[in-house]
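To start, the structure under review is shown below, and the notes come after it.
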Amino acid sequence: MEEHLLNEFEEFGLTPNKKVLEKCIELLKKYEITPDTLVNHWIGYTATKLNDEAPSLENMNLFEKDLSKELSAKTKVKSELLSESPVIHNITTITQIAEDDELLVGYGTPIRKSSVGAKRTSGLEGTPQNKRLAGLGQTYSVHSPSAFSPSTPGTSSKFSTRNNAGEVVVKYPVDDAVINWTRSHETWEPDIQLHGTAETKLTTKYNYMFSRLRDKFDVLEEQINDLGDSVKRKLGIDDFEPNSVLKSETFHTIGRICCDATSGSRLNTSSLLLEGTRNTSSGLSIPLDVSQLREFSFFPGQVIAVEGSNPTGKKIVVTSITTPPINPVFKTDVSIEGTLNMMVVCGPFTLPDDLEFAPLVELIQQVNTLLPHLVIIMGPFVDMKNKKVECGDLDYTYQEQFDIVMKELQSKITNSVQVCIIPSWRDVHYRAVYPTPPFPQENKAPNFNFFSDPCVLNVNGVFIALTSTDILFHLSKEEIAVTPHGSDRLGRLVSHLFSQQSFYPLNPPSEEMSIDLEQAEDHCKLSFTPHLLFVPSDLRHFIKNVSGCLVVNMERAVKGFCGGTYSRLQITGEASSVLIKAEIVRL
């Protein structure tokens with residue numbers, strides 16, 4: 001039990017001491033709850049009342065009082081679905097504590113306090129209040145962190161005094177071999193191409209978030225039909241039956257998982273609905289009884305096929321579920337001379353209460369020291385969740401602040417390094433929509449490339465999929481799952497992306513997200529398994545092989561008031577085989 005509890009804390013980057021663990025075990029026995037339920041309650045409690053403090057014996061005593069009230073006020077979901085005491089994964093309780101919603105000024109998007117996207121280990125986010133205020137236009141010079149925001153007192157000293165810079169926290173494959181990161185083939189440059197739909201639609205002016213309900217419905221309907229065709233081949237059946245058919249024998253039907261709002265605002269085993277297609281089920285939604293399933297994993301928007309009976313015509317008693325098959329890794333001709341060295345990092349690039357960008361300066365120094373062939377830098381660059389941005393305390397306009405950052409990158413990174421810039425919906429100066437168009441490319445350096453979020457890059461035959469949006473954290477908040485003890489939860493979250501063939505399969509999306517479904521239909525599909533997938537997240541960093549794809553979560557360049565982490569990779573390939581070595585390193 002202690003090991004399970006420690007693993008749950010470590011998912012959020014927390015390492016409690018022995019006395020705290022003993023107190024937690026005492027609470028588990030006293031309230032008869034699972035370790036993940038306890039940790040989820042703790043994350044919500046510390047985010048709203050303790051400003052994301054680390055667990056200690058003192059605040060655990062305060063937490064126990066809050067936990068007691070919380071559990072007595074709510075009906076716990078019973079786990080009679082498994083005879084071997086399953087683990088019910090659902091961290092949606094994090095946001096249930098915070099009831100006050102605020103409006104994202106200028107967009108009308110509700111943001112819940114201390115909820116979506118909040119840094120669980122550092123208290124970075126606070127309460128997001130995006131105030132898109134214009135600062136004062138000034139001339140500027142680019143030489144040091146102070147040049148980004150000369151009047152900001154900041155806390156860069158806390159970053160400069162860190163003592164763990166350069167520490168390797170994750171290595172793949174797990175061995176003791178020392179990787180030589182010195183660049184070979186100095187004159188060779190990788191060929192970087194965008195794979196998939198051209199970004200022409202995204203780069204032209206359009207009124208995003210102005211889609212008609214009918215158009216949104218058509219997009220969602222087409223998703224079910226497309227995935228349904230692959231499921232029919234997997235099951236070996238000719239067609240699906242309507243979900244509302246009165247039938248005591250088992251049959252197959254398909255649809256999208258939805259939440260019945262009358263049974264709770266969050267997805268649970270009592271609020272599961274299957275929304276059928278217009279052609280097969282006339283668009284009807286029907287409740288699902290999953291009491292006979294020994295194992296499952298559901299989230300809103302998930303397309304699945306169910307096998308079961310409907311003896312009353314009002315509820316399907318499910319006996320098995322089938323998810324869309326995961327497509328194999330794309331076969332291609334790899335043409336890499338020697339090794340391809342890469343660095344990948346995700347913003348923000350400054351501490352949460354200043355705009356001095358000391359971590360960005362450190363990153364540039366690392367790039368110029370290692371001289372990788374390719375560097376992928378993902379936003380946010382001017383983060384809307386930065387405290388200075390939230391209160392409008394800037395010396396420049398948002399656009400000017402971003403221009404300073406780009407000028408620093410393009411002027412300081414050596415020309416022999418190819419750089420890919422990926423935006424984020426959290427960039428306060430840019431379009432707060434997903435998929436996010438690439439940044440304008442006026443006056444860009446020859447070695448800089450600008451792409452959209454998300455995107456798939458073809459680098460000399462190696463397919464690299466990436467997104468700066470924290471889809472893993474959003475999925476983990478909404479997913480409910482019954483799985484055996486010790487199952488790989490993070491790997492399961494990643495497999496949802498491959499199975500649903502989408503960078504963002506969650507629907508409805510997280511409250512902080514603004515997704516344009518019509519553009520997402522073209523630019524958010526993940527129709528095949530790439531060689532590499534980068535999904536930076538506030539969840540704990542990892543490198544995993546999932547369905548033949550190497551998946552990397554390197555977290556972010558800033559974590560609290562200290563340096564975060566980035567990833568570096570070494571790729572070799574010949575014909576259709578690709579060999580990848582990777583590390584996650586503290587900045």
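Cβ from N, Cα, C; glycine included.
Values in this document were obtained by computation on a predicted structure and should not be read as measured data.
As recorded in TrEMBL:
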{"type": "DOMAIN", "residues": "3-66", "note": "domain 'DNA polymerase alpha subunit B N-terminal'"}
{"type": "DOMAIN", "residues": "218-321", "note": "domain 'DNA polymerase alpha subunit B OB'"}
{"type": "DOMAIN", "residues": "343-544", "note": "domain 'DNA polymerase alpha/delta/epsilon subunit B'"}
Residue distribution over DSSP helix, strand and coil in the domain 'DNA polymerase alpha subunit B OB' (218-321): 25 helix, 39 strand, 40 coil
Arithmetic mean of per-residue pLDDT over the domain 'DNA polymerase alpha/delta/epsilon subunit B' (343-544): 94
Residue distribution over DSSP helix, strand and coil in the domain 'DNA polymerase alpha subunit B N-terminal' (3-66): 47 helix, 0 strand, 17 coil
